[in-house]
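Undergrad: These came from Swiss-Prot, pasted as-is:
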SITE      Arg27  site 'Transition state stabilizer'
BINDING   Glu33, His34, Ile35, Asp36, Tyr224  substrate binding site
BINDING   Ser67, Gly124, Ala125, Gly126, Leu127, Ser128, Ser129, Ser130  ATP binding site
BINDING   Ser130, Glu162  Mg(2+) binding site
ACT_SITE  Asp174  active site, proton acceptor
Amino acid sequence: MELNTLKSTFINNFGKEPTSLFFSPGRINLIGEHIDYNGGFVFPCPITLGTFAAASLREDRICRAYSLNFESLGVIEFSLDDLSYKKEDNWTNYLKGVLKVLIEKGYKIDKGIDLVINGNLPNGAGLSSSASLEMLIVKILDTFFSLNISKVDAALIGKEVENTYIGVNSGIMDQFAISLGEKDKAILLDCNSLYYEYVPLNLGDNSIIIMNTNKRRELADSKYNERRKECDDSLDTLKKYTNISSLCELTSLEFETYKDKIEDSNKLRRCVHAISENERVKDAVKALKENNLELFGQLMNQSHISLRDDYEVTGKELDTLAENAWKQPGVLGARMTGAGFGGCAIAIVNNAHVDEFIKNVGQAYKDAIGYEASFYVASIGNGPTEL
């Protein structure tokens, strides 16, 4: 049991029982990929895999932190008086980053904490282990220091840590999906305005299967920033002809009028993906509300094809998973999720076919790629909570 391991590790390292236990989920995005930074709608939900913590407040200004995921690093110690980024401090830079941003915003944090964490999200798999950790830390500090941070502000704080302290140019989706997570609901989020709406995820006799390629992807040094630049360049071109502030403000029909202004064929395809994907999100949410799971699944498939052909962020591993998933009985739809270039895909599969699905897709993947994929049946959980 994870919580017992967490407690005993805390006692072994710090010589006392932790006062509190916490959990923060990871996330999957059901549809709406690579458009959070293009002003589009996304449709993520929190999952029951995530990051657990045991924590206690200290009486001095020292923080001590230990991760069961990085045991070789041992206990990492630092003071509230020096919260500068240090590469050797590894994962605890997320703790330091959250502390630094909160203190700079005027929140009163005058004591250190002892912390042990243990995550069961596969690292680098695109299930937002870093956002899960950020939202976990905000929750712990909010609880210990009675900071009254709203869920939306918590997400914005996490994004600020990611962008300004860690140095990853990510959007708001991951932190938002986790911070505002509610059981059995997905969140339709407009990344421009932060308008959001909860949509019950009624999947009937079907489950969401997460398929991990086990090919690590690193957001910062993948082609993520290259795609962002291609979209930003295209937007700059289009702004000369139409009054928009983001690509996803255009419909496919409107884009037809202006598409010849974008001379680079790669950039043109990136625009086609962003604009069509935004429309797919709206159609998918409508389908879900009308209980049309078949259409929802078809839109997932179309999303993957667009990410493969127009946005070019899938790669052999993700394509092997998705394309083999489409052939299986009982499958409504399948697509990559997250930034791509490795990481995970998801499928919606009829419960009666889940075992067969995992066996067949797993075998096809191993035959094609040479190593195994991992499969998880996902449940949609709550946002960060004290246990």
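Please read every residue number as a count from 1 along the shown chain.
Glycine residues also receive a Cβ, built from the backbone N, Cα and C atoms like all the rest.
Each of the listed features needs to be described in terms of its position in the shown structure.
TA: According to its DSSP assignment, Arg27 (site 'Transition state stabilizer') is in a strand.
Around Ile35 (substrate binding site), taking its Cβ as the centre, 28 other Cβ atoms fall within 10 Å, counting all chains.
Residues near Leu127 (ATP binding site) in space but far in sequence (CB under 8 A, at least 6 apart, same chain), listed by position: Gly26, Arg27, Ile28, Ile47, Leu49, Leu121, Ile210, Gly338, Gly343, Cys344. According to its DSSP assignment, Leu127 (ATP binding site) is coil.
Taking a C-beta cut-off of under 8 Å and a sequence gap of six or more, Glu162 (Mg(2+) binding site) has these contacts in its own chain: Ser130, Ala131, Glu134, Val168, Ser170, Gln175.
For Asp174 (active site, proton acceptor), the number of other Cβ atoms no farther than 10 Å from its own Cβ, over all displayed protein chains, is 29. Following the DSSP three-state reduction, the secondary structure of Asp174 (active site, proton acceptor) is helix.
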Undergrad: Can you figure out which of Glu33, His34, Ile35, Asp36, Tyr224 (the binding-site residues) comes closest in space to Ser67 (ATP binding site), comparing Cα atoms?
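TA: If we rank Glu33, His34, Ile35, Asp36, Tyr224 by Cα distance to Ser67 (ATP binding site), first place goes to Tyr224.
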Undergrad: Cβ within 8 angstroms of the Cβ centroid of Glu33, His34, Ile35, Asp36, Tyr224: which residues besides those meet this for the substrate site?
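TA: Sorted by sequence, the hits are Gly32, Tyr37, Asn38, Gly40, Val42, Gly171, Arg227, Ala339.
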Undergrad: Tell me the Cβ contacts of His34 (substrate binding site) under 8 Å, same chain only and six or more apart in sequence, or just say none.
TA: Arg227, His273, Ala274, Glu277, Leu307, Tyr311, Val313, Ala339, Gly340
